[in-house]
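Student: Starting off with a structure, shown below.
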Amino acid sequence: MSTPPDKKDPVAERRILTPGSNLNPRREFLRTAALFTGTVAALGGGLEVLTRRPGAGSAEAQGTDFVRPARPLGPYDTQEAVTSYQQATTYNNFYEFGTDKSDPARLAGSLKPRPWTVRIDGEVKKPQTVDIDTLQSWFPLEDRIYRMRCVEGWSMVMPWLGFPLAGLIRRLEPTGKAKYVQFTALLDTKQFPGQRSNVLDWPYVEGLRLDEALHPLAFMAVGLHGKVLPGQSGAPLRLVVPWKYGFKSIKSIVKITLTEKQPQTTWALAAPGEYGFYANVNPAVPHPRWSQATERRIGELGRRKTLPFNGYADQVAGLYAGMDLRKFF
Ligand SMILES: Nc1nc2c(c(=O)[nH]1)N[C@H]1C(S)=C(S)[C@@H](COP(=O)(O)O)O[C@H]1N2
Ligand SMILES: [Mo]
């Protein structure tokens, strides 16, 4: 442990994946002065379908704002201070744009989130291709304020807008054979300049066990901080699984496949000794190259303790009863 994990990790990942490639020193975007102190009420929200105000979004938001009344905290929300929109959208992991934390914000303009379709196939009663706006209209939008813990050792608190994954899965009517859900991100080197490099196998794929996908915390986000998801955050549709390391929360989804067998996942394919299918946040299991005991909350000085299942153990530990969580990283 010579370097702090949040400084060494992406570069180290690249070193593993592309031995001998020239490594740019990563630029850090520490905006420690900008700790967000706004109240949760300022985020607003509600369970009703949200109206859109065309053209109301700032240039930064790259789209329309969701207009919502204030609402009290819900049962799934953390009360912890929310990471600012600025920080959440300028310090990103989205290798389709590049491996630097600043690449996604800088290059996200090339991603066109409309028109957009999502293919639904595999072990479902009715395979179909659905337009993102239609898919979104199936569900009332909800707010979820979730902790997000990257495997690299940093974390944020994100106010998402979206709908529970369980509702979508149920609507798709899985067959009796369905045991897993695989998610596939967009493959398009025109929209994703990072896909011109072979730093990962494209497209990015992720997966969950069906019971994990049906857990009420598993979420599909279409917005952040009351705005339509900007490109760098995974527009127009991303997964959010708050008890797992951030790499499970796949961005810019174009396909959802119900499967009988455990699907392949990008990071487990890239470095099987370092990243597993389950990837539950676990401070007791170090990454082979760094400890996972603590994390740096973006916007804070110092480090805080990482909690089992990222603080969601009461809700999700039961999913893994009888499993050796060390083995099933
Ligand atoms: N398609 C895709 N999804 C992705 C990634 C990626 O490179 N490509 N990076 C993952 C990682 S490592 C993290 S930590 C989170 C970061 O989400 P954020 O940038 O919105 O905080 O997105 C995840 N989803
Ligand atoms: Mo990550």
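In case you wondered, yes, glycine gets a Cβ from its N, Cα and C as well.
All annotation found in TrEMBL is predicted automatically rather than curated by experts.
Not my notes, these are from TrEMBL:
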- Asn92, Tyr95, Glu96, Cys150, Arg238, Ser249, Ile250, Lys251: Mo-molybdopterin binding site (BINDING)
- 112-267: domain 'Oxidoreductase molybdopterin-binding' (DOMAIN)
Student: Which binding-site residues, if any, among Tyr95, Glu96, Ile250 have a Cβ under 6 Å from ligand 2, given in order along the chain?
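Tutor: Qualifying residues: none.
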Student: For ligand 1, list the binding-site residues among Asn92, Arg238, Ser249, Lys251 whose CB atom is within a distance below 6 Å of it, in sequence order.
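Tutor: Within range of ligand 1: Asn92, Ser249, Lys251.
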Student: Could you state, as a whole number of Å, the largest distance between Cα atoms of any two of Asn92, Tyr95, Glu96, Cys150, Arg238, Ser249, Ile250, Lys251, the listed Mo-molybdopterin binders?
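Tutor: Between the outermost Cα atoms of Asn92, Tyr95, Glu96, Cys150, Arg238, Ser249, Ile250, Lys251, the distance is 17 Å.
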Student: Among all protein chains shown, how many Cβ atoms are found within 10 Å of the Cβ of Ser249 (Mo-molybdopterin binding site), not counting that one?
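Tutor: Other Cβ atoms within 10 Å of Ser249 (Mo-molybdopterin binding site): 24.
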